[in-house]
Amino acid sequence: MYLLALLFVLAISALTDFLSTVSRRRCGGMAAVLHAVRMGLAYLVMLAVMSFNGGVLGAAVAGHALGFLLSRSLLLRRAESNHADDIGSAGAGQLPPSKIISSRS
């Protein structure tokens, strides 16, 4: 039963971190719903960590690391595919259009 609780905390903390990445890409009502779900899950992880159990703390940290790894690798893969599309759409000898906006004016 203890192992199941650790896996549950790991999954909730990974989902919390993953939703933080997904909710940034949405707007309007869907972003508000995702934010509310993410905050609810974050409070559940906080309550679990407040049990002062070292295993639960380790599972929460590992879950957040796993969620960060999965969400960032998903974003990188998506960015690489967008970059490959930009290169493929540019003609021979042409550079793809830049999507980086300079902060200097």
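Positions of Cβ are set from backbone N, Cα and C atoms, glycine also.
The signal peptide annotation in TrEMBL covers 1-16. Through the fold, the signal peptide (1-16) approaches residues 38, 41-42, 44-45, 48, 55-56, 58-64, 66-67, 70 of its own chain, all at least 6 residues removed from its boundaries and within a Cβ separation under 8 Å.
Residues 2, 5-7, 9-19 of the same chain lie 6+ residues outside the transmembrane segment (40-70) yet bring a C-beta within less than 8 angstroms of a C-beta in it. Positions annotated as transmembrane segment by TrEMBL: 40-70.
Among the features that TrEMBL reports, region 'Disordered' is placed at 85-105.
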